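The L-aspartate binding site annotation in Swiss-Prot covers Glu173, Arg219, His447, Arg484. Swiss-Prot lists Arg219, Asp220, Glu221, Gln228, Glu477, Gly529, Leu530, Asp531, Arg532 with the feature ATP binding site, giving sequence analysis as the kind of evidence. Look at Swiss-Prot and you will find 197-200 tagged as region 'Aspartate'. For His30, Gly82, the entry in Swiss-Prot reads site 'Important for tRNA non-discrimination'.
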Amino acid sequence: MRSHYNTDLGISHVGQSVKLCGWVNSYRDHGGVIFIDLRDRSGIIQLVCDPNDSKEAHEIASNARNEFVLIAEGTIRPRGEGLINPKLKTGEIEVVVSKLTIENESAVPPFAIADESVNEELRLKYRFLDLRNPKLYENFALRSKACIAARNSLANMGFLEVETPILTKATPEGARDYLVPSRVHQGEFYALPQSPQLFKQLLMCSGFDRYFQIAKCFRDEDLRADRQPEFTQIDIEMSFCEQKDVINVAETFLKDIFKACGKEIQTPFRQMQYKDAMENYGSDKPDLRFNLKFIDVIDIFAKSNNEIFANIAKDTKKNRIKAIRVPKGDTIFSKRQMQRFEEFVRKFGAQGLAFIQVKEDGLKGPLCKFFSEEDLNELSKRCELEVGDVVFFGAGAKKTVLDYMGRFRIFLANELKLIDPNALEFLWVVDFPMFEQNDDGSYSAMHHPFTMPKNIDETDLEEISSIAYDVVLNGVELGGGSIRIHKNDIQQKVFKLLNIDEEQQKEKFGFLLDALSFGAPPHGGIAIGLDRLIMLVTGANNIREVIAFPKTQRAQCLMTDAPSPASNEAMRELGIKLRENIK
């Protein structure tokens, strides 16, 4: 029906006849000549409807309004001097219309498509209108390129695309499952998969050797700006591999994806042990686009005559005292800013935020009186302090200090505008602990219970490490993976350490344990979050900008009004009756 998309046209097409299709983005009547900005998925081009060129087209144009669907035929001509619009890709040209058809009319739209100030809830309610914005279209065009590049890259490395079930069995993977009642087997439920984890391991047991899938996953968890109840991941698994093999494959297809999206990245990526990431940056996904690395000063504070700090410093296993040096910070930060910094860290469990300023005549601040001159000199040397610097200190329980100082590091970087928005800093975080302690004192698997432990016979669960790895980009976890347990006895031992008894093992994981009993190969894999990846590549403000029909932060679809009550008939067929006032 059309000859071109709007932005395929430029100054080189002057004099050419074209046929264009799209929507009225804006309409202007300038003394008899009507100008219409015609929008298609690629962008906007200006139509000129002059009665001297076509009286019929001009008359039809006079009836057009915003979001009417038009088909326009005409000739490309250059815009007049001083009329070029540098904001448009087609800003040097316009179309003199000879024939115009109104293909469909539109109700008055609730908002202008290009209006960026529109409330997001209104945009999501009318998502089909919101998606007419060419800026959003560009996100999905890039997403499509990324998926094609991933498929081609993995196929070239010998991976086979296999689809795994959506209706499956509930298994504990860290979040709540979405349950689907069975009509045929009343009182029983399917679960939507949180990941294809167990099925891809079974494919390795089946001898498929290399699998991938662009998989839809579901998790019923509290939402954040970068999370959705349903999301997509690039999921891979491979047999007869070590950690380095999986990392090499992941770097290869990530490089191909970024190339398809017009960005070059350097491989191999940096690697950092989990414990170093936590101790130096307060995060297992550190943003390395800026420095502000922690400095360990607990041994120096142990010598202070401040009772609080000295007591904290006595237990170096459970407690931490960390410093962050800000070069020239004393010359930058106002008193009010320093107060804001303390208010910020208090929100995350800090008792306060101590600091020392470096003046021309030495170190200054309330802390200084608790140290000898020798200790202050050692502190200055350790922190590499110079005149004009300020150094902040966090002290207390290990988990709390690392958390709030890690958050404070990011807060400082934003205050100081240290982050280059165009930089791409990749990092592998490796050697994760196998288990982590919950608030109630119990333990759970840090990644998942199918991860291969390095030292399974260690009696202290917190000392058992795993062959697990996360890939991080600009402080965002893109994905994670591990080498899997491929021996039945090791898998059962891990289950036992997690207090999953034999009966529960058989009920929930019997099929996996069976598969591991029939010659399962060594295997491992990784999953990359496609939505997060595209969010970072496009620079989108949140993950909803790269998902066609996303849910809100309350897990609702405002457009379709999902979730919604089921009919009484549907409930009867499923054998379900809702109880009131369940707590």
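Even glycines carry a Cβ here, placed using N, Cα and C.
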Segment confidence, the region 'Aspartate' (197-200), expressed as mean pLDDT:
97
His447 (L-aspartate binding site), number of other Cβ atoms within 10 Å:
21
CB contacts for Arg532 (ATP binding site) [other CB atoms within 10 A, all chains]:
21
Cα-nearest neighbour of Leu530 (ATP binding site) within the listed recorded positions, His30, His447, Arg484:
His447
If you count CB neighbours within 10 Å, which one among the recorded positions His30, Arg219, Arg484 has the smallest count?
His30
Pairwise CA distance, Gly82 (site 'Important for tRNA non-discrimination') versus His447 (L-aspartate binding site), rounded so that it is a whole Å:
61
In whole Å, how far is His447 (L-aspartate binding site) from Glu477 (ATP binding site) when you measure between their Cα atoms?
13
Let me check the 10 A CB neighbour count of Gly82 (site 'Important for tRNA non-discrimination'). How many other CB atoms are there?
5
Close in space, distant in sequence - Glu221 (ATP binding site), Cβ under 8 Å, 6 or more apart:
Ala175, Arg176, Arg227, Pro229
Calculate the distance in Å between the alpha carbons (Cα) of His447 (L-aspartate binding site) and Arg532 (ATP binding site), and round it to a whole number.
19
What count of other C-beta atoms do you get within 10 angstroms of the C-beta of Leu530 (ATP binding site), across all chains shown?
25
Indicate whether Arg532 (ATP binding site) is helix, strand or coil by DSSP.
helix
Work out how many Å separate Arg532 (ATP binding site) and Arg484 (L-aspartate binding site) at their Cα atoms, rounded off.
24
Arg484 (L-aspartate binding site) to His30 (site 'Important for tRNA non-discrimination') - Cα separation in whole Å:
69
For ATP: widest Cα to Cα gap among Arg219, Asp220, Glu221, Gln228, Glu477, Gly529, Leu530, Asp531, Arg532 in Å:
19
